[in-house]
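According to Swiss-Prot, the substrate binding site annotation covers Gly41, Gly42, Arg63, Asn156, on the basis of sequence analysis. Summarising the annotation, Swiss-Prot assigns site 'Transition state stabilizer' to Lys8, Lys215 and lists sequence analysis as the type of evidence.
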Amino acid sequence: MKKTIVFKCGGSVIRELSEEFYQNLKELRASGWKLAIVHGGGPEITNMLKRLNIKTEFSGGQRKTTKPVLEVAEMVLSGSVNKFFVAELAKHGLRAAGISGKDGGLLEADYLDPETYGEVGEIKKVDASMVNALMENGIIPVIAPLSMTSDCKTLNVNADLAASAVAGALEADKLMFVTDVDGIMKEKQRLDVLTPKEIQMLIKQEVITGGMIPKVNSALSALSDQVSEVMIVNGKGSFFAEQTFQGTKIVKAKEAVS
């Protein structure tokens, strides 16, 4: 049976992905892995909102998505960012199809909290049949994090949560958060395998600080019955060499050494 990896690429890293990253994807495809990508686009949405002079505000770290903001978010996520990614994959000999969570009923959501967050959804249902069909035909689905309600209203969704939901529905072997660092570091050495308990300890000890904390928390929340392994890898270098993944692996529990 073919194995599956879902990648989550943040908006800040998409245009910085290295040649090695794309070569690694080719190697994985050649080795029989099925691949899907979920991407963000926060910085580009912010830039477009500024250009169009549309005011935006944040609440609890999440952008308040008014209807004008949602229009811009959909334009950027499903448009410029998604198609840039598809073109980059094509340049490297990888067939890809750009879709959003609205396509094929992939992500169904309800309003998270309209008062606080506006047009932002909480994912309630995932239908991964379209994603599976693309992957079975050797095509990498590139998914923008938009969703629809049961009565077909468009809602923005958090890209990390979208990636987790897609990985869960696909029963993916791995969910990889693609960042600009080699993984979780301690004293300039990468920590190869961590459990949630160890991560909480490292946050307490201030080994994990700053911008790494939300990345790690997203990885932790992605661990579930369906997704047993999450990795933090570097998209600016190589994350796969000699059939081995390089990064920090986060698992529910470490295997006992016999």
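The backbone N, Cα and C atoms fix where each Cβ goes, and this holds for glycine too.
Features recorded in Swiss-Prot, as mapped to the structure shown.
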residue	record	DSSP class
Lys8	site 'Transition state stabilizer'	strand
Gly41	substrate binding site	coil
Asn156	substrate binding site	strand
Lys215	site 'Transition state stabilizer'	helix
Distance, Lys215 (site 'Transition state stabilizer') to Asn156 (substrate binding site) (CA atoms, angstrom): 19
Cβ-Cβ neighbours of Lys8 (site 'Transition state stabilizer') (radius 10 Å): 29
Nearest of the recorded positions (Lys8, Gly41, Gly42) to Lys215 (site 'Transition state stabilizer'), judged by Cα-Cα distance: Lys8
Neighbour count (Cβ, 10 Å) for Gly42 (substrate binding site): 16
Neighbouring C-beta atoms (10 Å sphere around the C-beta of Asn156 (substrate binding site)): 27
Integer Cα-Cα distance in angstrom, Gly42 (substrate binding site) to Lys8 (site 'Transition state stabilizer'): 13
